[in-house]
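Structure, as structure tokens:
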Amino acid sequence: MFKKDRFSIRKIKGVVGSVFLGSLLMAPSVVDAATYHYVNKEIISQEAKDLIQTGKPDRNEVVYGLVYQKDQLPQTGTEASVLTAFGLLTVGSLLLIYKRKKIASVFLVGAMGLVVLPSAGAVDPVATLALASREGVVEMEGYRYVGYLSGDILKTLGLDTVLEETSAKPGEVTVVEVETPQSITNQEQARTENQVVETEEAPKEEAPKTEESPKEEPKSEVKPTDDTLPKVEEGKEDSAEPAPVEEVGGEVESKPEEKVAVKPESQPSDKPAEESKVEQAGEPVAPREDEKAPVEPEKQPEAPEEEKAVEETPKQEESTPDTKAEETVEPKEETVNQSIEQPKVETPAVEKQTEPTEEPKVEQAGEPVAPREDEQAPTAPVEPEKQPEVPEEEKAVEETPKPEDKIKGIGTKEPVDKSELNNQIDKASSVSPTDYSTASYNALGPVLETAKGVYASEPVKQPEVNSETNKLKTAIDALNVDKTELNNTIADAKTKVKEHYSDRSWQNLQTEVTKAEKVAANTDAKQSEVNEAVEKLTATIEKLVELSEKPILTLTSTDKKILEREAVAKYTLENQNKTKIKSITAELKKGEEVINTVVLTDDKVTTETISAAFKNLEYYKEYTLSTTMIYDRGNGEETETLENQNIQLDLKKVELKNIKRTDLIKYENGKETNESLITTIPDDKSNYYLKITSNNQKTTLLAVKNIEETTVNGTPVYKVTAIADNLVSRTADNKFEEEYVHYIEKPKVHEDNVYYNFKELVEAIQNDPSKEYRLGQSMSARNVVPNGKSYITKEFTGKLLSSEGKQFAITELEHPLFNVITNATINNVNFENVEIERSGQDNIASLANTMKGSSVITNVKITGTLSGRNNVAGFVNNMNDGTRIENVAFFGKLHSTSGNGSHTGGIAGTNYRGIVRKAYVDATITGNKTRASLLVPKVDYGLTLDHLIGTKALLTESVVKGKIDVSNPVEVGAIASKTWPVGTVSNSVSYAKIIRGEELFGSNDVDDSDYASAHIKDLYAVEGYSSGNRSFRKSKTFTKLTKEQADAKVTTFNITADKLESDLSPLAKLNEEKAYSSIQDYNAEYNQAYKNLEKLIPFYNKDYIVYQGNKLNKEHHLNTKEVLSVTAMNNNEFITNLDEANKIIVHYADGTKDYFNLSSSSEGLSNVKEYTITDLGIKYTPNIVQKDNTTLVNDIKSILESVELQSQTMYQHLNRLGDYRVNAIKDLYLEESFTDVKENLTNLITKLVQNEEHQLNDSPAARQMIRDKVEKNKAALLLGLTYLNRYYGVKFGDVNIKELMLFKPDFYGEKVSVLDRLIEIGSKENNIKGSRTFDAFGQVLAKYTKSGNLDAFLNYNRQLFTNIDNMNDWFIDATEDHVYIAERASEVEEIKNSKHRAFDNLKRSHLRNTILPLLNIDKAHLYLISNYNAIAFGSAERLGKKSLEDIKDIVNKAADGYRNYYDFWYRLASDNVKQRLLRDAVIPIWEGYNAPGGWVEKYGRYNTDKVYTPLREFFGPMDKYYNYNGTGAYAAIYPNSDDIRTDVKYVHLEMVGEYGISVYTHETTHVNDRAIYLGGFGHREGTDAEAYAQGMLQTPVTGSGFDEFGSLGINMVFKRKNDGNQWYITDPKTLKTREDINRYMKGYNDTLTLLDEIEAESVISQQNKDLNSAWFKKIDREYRDNNKLNQWDKIRNLSQEEKNELNIQSVNDLVDQQLMTNRNPGNGIYKPEAISYNDQSPYVGVRMMTGIYGGNTSKGAPGAVSFKHNAFRLWGYYGYENGFLGYASNKYKQQSKTDGESVLSDEYIIKKISNNTFNTIEEFKKAYFKEVKDKATKGLTTFEVNGSSVSSYDDLLTLFKEAVKKDAETLKQEANGNKTVSMNNTVKLKEAVYKKLLQQTNSFKTSIFK
């Protein structure tokens, strides 16, 4: 069995192994093995050269190295001479031997090949090499042996690392045992499939392994050709067979005598390539160094312990800097007679080479050619080539023959040569014992003695001589110098650390170490030299001077005292007493600027802990702390610097800001008492809390911690303190305390007439109002109780001044100061922060209601806000004759809730003969209905025209700024509004904006040339500032100044009051809030941002707000707009609690918004939830205290959950205590919402508590106050929640405002208590009715918004939240889920843009309360049909449908029909009234409650258990329920046709479908007939509403159940097919004008009249008296009263007597005898004026096929049948305006009265209509019959009927006579004796002819006559 020799080469600490590997099967009995490492390096280091030893190495050494030199010198001289030259020449090879056992054979591996030392006798490599070197035997051509390196030296040089035995490692060559030579068969070459060049950082990949092939290829011999390798002497290679070679990385075919081109694999590189393993049965062949392919090592099969060898795979360095090659070849072992598999090659993918490569030529197969010296082998990827398969006959088996040892005997004595032995003896004898180690020297002695004995002995043979020679030589060679102790001492010295010793002793050590190392490295050093070096180095080590222990300084912490603006750096110091520490310096920098330096020296640096404090640091600035320590350990001063530490003080605390007032509240026994004027300290403070009211934030409640008396800055005060988590307050020096402090002044008693306390001042003046009173300091009116409406109710006649020539102020007036002042003086006193909120009171002013006598107010400035009902003014309401106000100023807001046009003025309301001069006003005036001006709205001189005009009732030299915005202005102007007749307003300037009013003067007095105009002069506006109307002639002439001109003019007025500043009171100074201007880093350019950020981070201190604000871009909206509110959102839902949010909406005062995204932040305070605004990098905190409110929430819940909607609590609250109380609650329709509120109480109450007043700490008194308030108002609170929950779920785009309305009312910028607002809403029944939602908003909710009414509020939100540009589209969008809105504009060109849309109609006063209910439909499905005259409300449920989609088609058809109807009337109506169709208040049309399951009861139930949602959600809350009354529908009309209470109610019938539309035309006729359809003349006297609808103006349809279809009427709505089967015009839209309609009506009536006439002629032609009496009946007069004027129609059969006397010869006889065909209408009395469900006679429809011949001309009002019939005939003959209006309306009533007629009669009317042509209707009818007969006789338009062609009267008459004749055959006598006849044939013919003529003439667009 064969075993392989494995060879590998690796880089060994900078020494590159050779490239090719080789192996050879060896001699038969190799018993031992050794590992050889051949190192090829062009230059061995000088250190290695110095250590080369001459002679032979000790064979007992396990490891040694043999050194060869290229044979470049003549082979002369000794080894010493060679070593001498060694420094100048190149060492060529180094063979490292690792010896494990006895060596069987030696392989010397050179750069290009293999040298084999063949025989067993040559197994000793030392001996062999020695012979080769000493005896000159050239066994290794080109090299000579130089010397060797011992194992220890190899270790020193780092070459020992290749000698590890444990496993196969790169860089090792192993010779292993080979037991028996065997033939090697079936060997294939291993080829590299590929070679990879990859970038340095690219990942390594493995390519697929090549497939194994069992086929054999012939071997190729390779002979060493590299001159750099030692060669085996000829003749000594007998035992070696040529080894088969595989070239790794090249392509070498194994065919004998063939040349193979080798493709070079890679270029050399500085980077090692990946290693690969190559295994081939037999002998692996090493590649050339320049062609070495990188192979990846692969684990080899494990060999027996004694045979294990370590392999190394060469690594090749690529020259391409960015790439490295990697290739893996896996070797395999093969056994005899087995096919050798081709090695597997793992090849990563090849990346593109950056440079081209060249392929060197190969001279002979198996002998690679090295590149020229000036070339490098190029690197290129190798494309694998498949080797050709060797034919079977070429396969061969090769065997290695056994070597033979043959001994030939010769009988001659051999000579003995002892010369060499002698030489060795001489050499050994000359050795000195001091030059070598004792052991080696002692070992030489015995050998020398033995050698000498052999030398002296004669009978020795040459072998013995040789043996002893060799032994001696070996012993000499074994002489050595022992450097072990030296090396150990050097190693010990190197373990020393420089830092531990003094510089001088350390330097001495380094000197001696260097010397010792030279000795150790010197191979020629003697043992004595070594010993001396050891002694000196040991002594130097012992003399090292050790340094003292280094001190250790550690920065352990930085203690930030944020409130004190201080940071303390704390350190620990170790070894502080072992070394001299000179100083420790802590330096604090801000950027590069050194802020502070703390130097610690002496005893301050001897403690274990030290610190450095830095004070007066700025917040939010990054400081750098640098710490340096200087010390001396013995080498002089050393400096150590610690790592820099960043320090930043970030102050983030809760600070109460923008405080309006602070009150000390005592809550005890359910009563809240303001104790802000305490005079003693209470013993029990637990029921006290501070109530801090902000100008724009929530009120904060703080439990009082302590109240104490103290003196601050000389002022005795009560100091009230409170503490809360994170709460701080700012001290006078802008420092902080961790408590809130409020000071209450201890009253100071007055001194003479100088007063220091407002309460005492009021009491004094009230007691004696005639004296002079002076203010000794500024004082607050807060919490002082007035004596009435004003603080001082008695008439003030004294003086009010400031003392000591100063300007003091009375602050925080909450009521007017005086009622009346007479002959009084108020001078040099300011009134600041006036807060008079009395919206329910009249005559509100800061100083007085009335100013009389010679009263004077001068040098006074007022600031603040006043609100009242009627008459609100800044100073006084009314100035009387002789009074004067001069050099005064008002800054603030005035608001009037007036509805009657009272006066609102910045200075006064009215000035009657007084003087106002040098007044300055900068204010905003708002109100409902008021006369308003910023100075004085009314300047009144009176009617006395005397010489004082212009000196009294004067307003002059004044200036105004600000704005006036009054909803319903009554003479509004910036300066003044009313002066008639001769008040004087002059020389004044306005910078103000007037929203709805005049820019300067507010009324047409300015154009009154007789009186007022001349005294209104020199009024100036300012370009770019002032605005408003200039509606009057003179107004347009007023000058507009530039800003510069205006300022200059104002300067000439010498007004100083606007600049008056009062001294703060001592108390005000103590409680003064620091302005932002005093805060660090304040920037005036960001002032708006700071104010706005109070809304984004409401809790945080001003310093933090400034810090955050300064991060913004100056142009950002947060710095350029005013923020009203900031609200958290989660997607599109408003978050009003502490639930998670992901964005905020910022609402600005200009009605715009921004959204900003949020991310969570962990940097908030314990009681403040914080987010980061990711868009801006600043913070946001919800305005909710983060605390546990569970107890309070549960307490409130327990109070509310016990209250039911139907309960005694609720009855008492709403004052519904009678029998109707249950239904009164039901009438609110709030059950569903109330249930929803009760089911969500916990959530709702939590939000309520969180959004109510802030409770920063735990105040039991405050909690109890809230509980008691809820208990007291529990019913109101629940109703408030229920109401808002029910009606304010309004959608704007993607958002719904319900959460805002419930818990975030301050969204709109008004500060409000959520709890108080809810209680207010639920406090009155009128506030929570569904039918008053619009009104309730204005009365209760408007004041909390920026809108005056619901319409404005909804519009504001639309603009804010959506991109929808109008309210109508928004309303459709907001209701689309539950309301379908069909809007129809007119198709008449001139009115197509008229108001018709739903929301426009709904917002009118009579319908505006429907808006919120419609916006909050939840389950029902409603529809609206809106046009310019009416709006209809219906539901899908009423139609039996379940969704809006189910009803859209039918609703749309109805909407079209409604519109067509009104358009028809607009085309028809008289010009003077048609515009009335465009109603401002459209007619509401309400659906009934006849649900599919039956009539619904009032509260939405039917079929006992079903809920009718349209009633529950809309009709019921709107109070539109009505009981079933048996009607189909009805209209509610009033005497005034424009009465907004007018409406239409469907009862049994539906509003849609054709009949529903027809009913629509019926009911709206009732609404519109008087004012529009009848020309504005109203109903004709003696008739009423029902006479005009059905049977006259209602559009007839089929299927109604009534007899109107086929009766007289007009189709105003529907388009029908012109198919010859129609009764009415087929398309009413084709009648474009009134003339078109009249033409239609003419043809319509002509045709009917002609057919009546022909029927009569045909019957009469039968000359049958019985037939006549059966065919006709009578329309008789039935007088309504005794005056026999007004009549009814009495239709009856002829009496027997009349039958007997009946004589009919012509149509005229029928007329005269008032006869009609005996068909419908039926017999009875028909009353046109009846309005009774029991009398249906006015509803009569006159069938078109019924011939009515009589006229029944009345002397008053006609009967119903005659009225309708005559109206149509007159319309047809005389047209709409003359005929129809003349007859059907009261058009001639007034004229008839003038003409002396008591009643309006037919007789009078026909004369008027016919212009006296006819005196009776009968005359008219006879003429009409004659006219149509005459026209027909001349010819008819040709038509065909019943198969007959008709073109003349005679043709038609013939057909009728035949029909009558047939009918006459049915004449019979009934049992009662009356004759009856069927008229069926005649009626059918008549109908057929009519319909044919209608078709033939296209609805009578052409005449029926020729």
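Here the Cβ of each residue, glycine as well, is placed from N, Cα and C on the backbone.
The candidate list GLU1513, GLU1550, GLU1581, GLU1586 contains one residue that Swiss-Prot assigns to the Zn(2+) site with HIS1562, HIS1566, namely GLU1586.
Listed in chain order, the extra residues whose Cβ falls within 8 Å of the Cβ center of the Zn(2+) site residues HIS1562, HIS1566, GLU1586 are ALA1531, GLU1563, THR1565, ALA1585, TYR1588, ALA1589, GLN1590, GLN1594. Local packing around the binding-site residues HIS1562, HIS1566 was summarised as the count of other Cβ atoms within 10 Å of each Cβ; on this measure the leading residue is HIS1562. Mapped onto DSSP helix, strand and coil, the compositional bias 'Polar residues' (421-436) counts 9 helix, 0 strand, 7 coil.
Long-range Cβ contacts of GLU1563 (active site) within its own chain (separation 6+, distance under 8 Å): ILE1485, ALA1529, TYR1530, ALA1531, VAL1544, ALA1589. The predicted model assigns the motif 'LPXTG sorting signal' (73-77) a mean pLDDT of 39. In sequence order, HIS1566, PRO1728, ALA1730, ILE1731, PRO1738, TYR1739 are the residues near GLU1586 (Zn(2+) binding site), counting only same-chain partners six or more apart with C-beta under 8 A.
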